[in-house]
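These come from TrEMBL:
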type     : residues : note
TRANSMEM : 12-30    : transmembrane segment
TRANSMEM : 42-62    : transmembrane segment
TRANSMEM : 93-112   : transmembrane segment
TRANSMEM : 119-139  : transmembrane segment
TRANSMEM : 145-167  : transmembrane segment
TRANSMEM : 179-200  : transmembrane segment
TRANSMEM : 227-247  : transmembrane segment
TRANSMEM : 268-294  : transmembrane segment
TRANSMEM : 300-322  : transmembrane segment
TRANSMEM : 357-377  : transmembrane segment
TRANSMEM : 389-412  : transmembrane segment
TRANSMEM : 424-457  : transmembrane segment
REGION   : 470-520  : region 'Disordered'
COMPBIAS : 503-514  : compositional bias 'Pro residues'
Amino acid sequence: MLAINFLVNEILAVPAFLIGIITAVGLSALRKPVGTVIGGALKTTLGFLLISAGATLVTASLEPLGTMITGATGAHGVVPTNEAIVGIAQQHYGSQVAWLMIAGFAVSLLLARITPLHYVFLTGHHVLFMATLLTIVLATAGYNGWVVIVFGAGLLGILMVSLPALAQPWTRSVTGDNSIAIGHFGTVGYIAAGAVGKAVGNRRGHESPSTEKLTLPEGLRFLRDSMVATALSMALMYVILAIIVLVRAGRAEAYSAFEDGATSVGNYIMQAVTQGLQFGVAVAVILFGVRTILGELVPAFQGIAAKIVPGAIPALDCPIVFPYAQNAVLIGFIASFAGGLVGLAVLSTWLNPAFGVALILPGLVPHFFTGGAAGVYGNATGGRLGAAFGAFVNGLIITFLPAFLLGVLGAFGSENTTFGDADFGWFGILIGSAAGLPSALGLVLIAASGAVILGLAIVVQKRLVDGGWDPAPGRGAGGTGDRGTAESTGTAEGEVVGRSYPKIPPPAGAPTPPAHIDFD
């Protein structure tokens with residue numbers, strides 16, 4: 001059991017190690033020299049560690065801002081945090097979660113091989129989160145351990161291949177081809193953002209321009225650099241909130257927003273400016289990590305496609321789409337957070353007094369990552385309007401769904417935290433509602449739910465993905481209007497290993513990733 005827990009918690013649940021192993025397998029399948037395999041695996045691992053480092057910087061930068069927002073609004077409630085609820089659940093169901101995760105990963109690979117859904121879900125920590133959610137929902141409903149593992153693994157495997165397929169028509173409108181997919185359990189929010197963008201971005205024959213095509217006066221041309229624009233925008237937001245908290249709550253409470261406090265008003269304001277600028281640095285680090293990963297991972301998947309899962313497509317974490325529309329990430333973050341505030345207002349004025357629904361406070365980290373990605377999807381189908389309105393809808397989704405999810409988590413619903421991303425919400429509510437029925441009927445409905453999701457994904461794959469449906473014809477990859485950014489790898493027609501993959505421009509001012517290592 002110790003070995004299983006080590007495999008799950010220290011390797012499979014760590015995206016950097018999982019992705020490095022997958023890259024090594026792919027390059028080995030291509031019969032690359034040992035040096036190339038090791039070098040490629042290490043570069044991919046380092047790329048994910050760069051993303052992780054950037055995410056840590058983002059979290060650290062947003063923490064004082066969250067304290068300021070609470071101080072400015074006076075709101076109190078539940079903050080959805082995946083890591084927190086998973087940590088609590090591991091104390092009760094650690095071994096079941098481990099077995100369910102391993103079995104679910106195996107089911108997903110089997111489905112990827114025998115169905116048209118050739119997606120390999122590589123966001124290991126999200127697989128762990130979903131495995132934990134399924135364990136909580138099924139175990140608290142009274143099912144025994146083996147039922148939890150068998151049914152949970154089946155559901156997990158289905159989600160790991162189905163959700164990337166359901167989102168793929170929209171993902172392709174971002175990337176321009178099928179070389180990568182989204183492997184993040186915020187899928188419903190991204191699909192909704194793409195659909196909203198399509199609805200609002202092309203009204204009355206007028207096409208909303210892309211977020212990446214900003215017309216600025218000469219004196220503001222420096223804002224075309226997304227890293228600079230992001231840093232300045234966040235610094236401005238920080239300063240405004242810092243002043244509001246200072247006026248409303250006084251110096252003592254305002255200064256406590258920062259870990260080491262502040263020595264004066266001037267020091268307090270400058271710490272706010274610094275945190276905003278560090279946010280821009282964090283986003284640049286994430287973008288650099290994404291480019292480093294794609295340089296090795298997508299070619300490695302040619303080997304997996306040829307030898308293990310024919311036509312394999314890597315399904316990756318949501319920051320993988322950030323470089324395709326970097327301005328949309330910031331717009332999406334702000335719009336999603338605004339949606340979270342509106343959702344909180346609805347909960348506090350209506351749903352909480354009338355039905356006792358919990359108040360969900362908008363967490364800045366989920367709104368940055370899922371809201372930023374939703375902004376990219378919305379921009380791809382509807383330009384600037386699509387980015388703003390699509391991400392706003394995502395903000396509403398990740399506010400209301402966690403509130404209702406608490407009702408099916410049993411005793412865990414009172415832990416003052418819950419799962420935060422969209423797919424945890426709707427799927428947890430669906431399975432939790434079915435599990436609450438009499439045992440046999442509940443299992444039948446649970447199995448039927450999985451079958452329906454799998455069947456729907458296969459239909460979408462065959463009719464929309466393979467059929468070439470484009471939700472935003474004419475806009476081009478990322479909604480910029482530019483097509484043809486992919487480069488063919490040059491194999492014979494019909495070979496799945498000949499997939500193209502996008503060349504992503506770096507953020508302005510970012511260093512160039514190291515060159516591909518090949519010791520042939």
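Note: Cβ is positioned from N, Cα and C throughout, glycine not excepted.
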Cβ contacts the transmembrane segment (179-200)/the transmembrane segment (357-377), at least three under 8 Å, sequence gap 6 or more: yes
Tertiary contacts of the transmembrane segment (389-412), as residues 6+ beyond its ends and Cβ separation under 8 Å: 78, 80, 85, 88-89, 136-137, 140-141, 186, 188-190, 192-197, 200, 331-344, 346-347, 351, 357-360, 362, 366-367, 370-372, 374-375, 377-379, 381-382, 418-422, 424-426, 428-429, 431-433, 435-436
Two-stretch contact, the transmembrane segment (119-139) and the transmembrane segment (424-457), at least three Cβ pairs under 8 Å: yes
In contact by Cβ distance (the transmembrane segment (268-294), the transmembrane segment (145-167); 3 or more pairs under 8 Å): no
Cβ-Cβ under 8 Å with the transmembrane segment (42-62): same-chain residues at least 6 beyond its ends: 15-17, 19-20, 23, 234, 275-276, 278-279, 281-286, 288-293, 295-297, 300, 317, 319, 364-365, 368-369, 513-514, 517
Stretch of maximal Cβ-Cβ contact with the transmembrane segment (227-247) [cut-off: under 8 Å; candidates 12-30, 268-294, 300-322]: 268-294
For the transmembrane segment (12-30), distant same-chain residues with Cβ under 8 A (at least six beyond the ends): 36-38, 40-42, 44-49, 52, 101-102, 105, 120, 122-125, 127-128, 293, 296-297, 299-304, 306-308, 314, 317
Same-chain residues near the transmembrane segment (300-322), Cβ under 8 Å, at least 6 residues beyond its ends: 15, 22-30, 32, 40, 44, 51, 54-55, 109, 112-113, 118-123, 126, 160, 164, 171, 174-175, 178-184, 186, 190, 283, 286-287, 289-290, 293-294, 329, 369-370, 372-373, 376-377, 489, 496-499
